[in-house]
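Annotated features in Swiss-Prot:
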{"type": "DOMAIN", "residues": "4-266", "note": "domain 'Pyruvate carboxyltransferase'"}
{"type": "BINDING", "residues": "Asp13, His201, His203, Asn237", "note": "Mn(2+) binding site"}
{"type": "REGION", "residues": "390-506", "note": "region 'Regulatory domain'"}
Amino acid sequence: MKQILFMDTTLRDGEQSPGVNLNEQEKLQIARQLERLGIHVMEAGFAAASEGDFQSVKRIANTIQNATVMSLARAKESDIRRAYEAVKGAVSPRLHVFLATSDIHMKYKLCMSKEDVLDSIYRSVTLGKSLFPTVQFSAEDATRTARDFLAEAVEVAIRAGANVINIPDTVGYTNPEEYYALFKYLQESVPSYEKAIFSCHCHDDLGMAVANSLAAVEGGALQVEGTINGIGERAGNAALEEVAVALHIRKDFYKAEPSMTLKEIKATSTLVSRLTGMVVSKNKAIVGANAFAHESGIHQDGVLKEVTTYEIIEPALVGESQNLFVLGKHSGRHAFTEKMKELGYEFTNDERDAVFEAFKKLADRKKEITEEDLRALMLGEAAFAAQQYNITQLQVHFVSNSTQCATVVLKDEEGNVFEDAATGSGSIEAIYNAIQRILGLECELADYRIQSITQGQDALAHVHVELKEGAHQVSGFGVAQDVLEASARAYVHAAGKLKSFIQLVK
């Protein structure tokens, strides 16, 4: 049975989702979790896009040990060399070079002839192969490219040294029958077909990204590209967790097994959702809150008698387990550290001390600490530690009518303390006005969302905010048992990003 490899582009294509703005530390958190998920290749970013992207790609490349780290590049020498500088320190570096092959792209975007495109493919892949052990070539907008020319372009790329050929459905235009037929056509029409691994990359504009990816596997694709939770620009990408579980459950049909640690799916989905601020729909397949819920009396009766009557996926398969008690206020530092290691977290002594202190504070207020609490705690403390400013004091009191007054004290990375107070129509507005006064910002609150991320009256709150000033928009999040504290943390997280970005642009 063939093994299907997965190329995750959450950190590149996924980050292009409107409103998503991950910092370097957040990208590294996701990369480490993708490594635990067993992702074969992770596209860490587009190194030539900016200095920030370059540094993020480089740090991920120098950190990840058990996956190939890849950078995107246009078919330009400067892009390719920049990508090499970013990922050369990786255990397994790869170049992903792309060039459009459809008539509409060649005419209106590239202003290049077919001959020019073929020449550019050959030169860019040849250069890439002289620097990288493996090169992936993507024929952008392949599904709207004339088949004979696509086959010619693919052959040129393979002869130039490409190890992986990606056939992307860039605008989500195709359907499963057409996509399957396209892979079969290339299998028959490309003389050097057997010398490369063929890959699929599907967008969800018509709601068929997962179905198209599975059709590509039927047609001979050995690598599937996509993102966690299906995030991405426009309608998003193929959700890798859905493709992987579909292959596993229906291996009788696809004759293929996913090369992925399925039990890490839920944890990965949750991390990506919270860091990006993109909430997973409750009825989403595999990872939605209702994915394993049964409300119908007939269904409940059937499941109680025999679970397979209405459940084709065991929740434990994807790491969806009961919210079991694991630690309490009497748990010591050693037990805490061992449990965090079991969950896949590693940190320095200073990081451990900070998270353990936060754990003890939570344990004093919450009788039972679950794995979900620990994951949320780690997520919140990691974001808190990476901020330019941290909240050291927060006070809110009633003034008159609906007016509230908030006093906020912040400390920066150098230990400088800043304090200010402001009023507002409610506690949240007062807190945010005070933070704006301290940081000297005049930004608009574009989005504010709050959700409970653990169960019970003593649940942890996760607050996501988006701030906008002019053309600049950033997001931030905060985790705490107290809603006001979580809200303040989220605002400081986003405001610090916004201030840094504005200073960088200036």
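Including glycine, each Cβ sits where the backbone N, Cα and C put it.
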Reported mean pLDDT - the domain 'Pyruvate carboxyltransferase' (4-266): 98
Listed in sequence order, residues not in Asp13, His201, His203, Asn237 with Cβ within 8 Å of the centre of the Mn(2+) site Cβ atoms: Thr9, Pro168, Thr170, Cys202, Asp204, Ala209, Glu225, Gly226, Thr227, Gly232, Gly236, Ala238
Cβ neighbour count (within 10 Å, all chains shown) around Asp13 (Mn(2+) binding site): 23
Reduced DSSP assignment, His203 (Mn(2+) binding site): strand
Asn237 (Mn(2+) binding site): secondary structure state under DSSP, collapsed to three categories: strand
CB contacts for His203 (Mn(2+) binding site) [other CB atoms within 10 A, all chains]: 26
Candidates His201, Asn237: member of the binding-site residues with the richest Cβ shell (10 Å): Asn237
DSSP-assigned states of the region 'Regulatory domain' (390-506) in counts, ordered helix, strand, coil: 36 helix, 56 strand, 25 coil
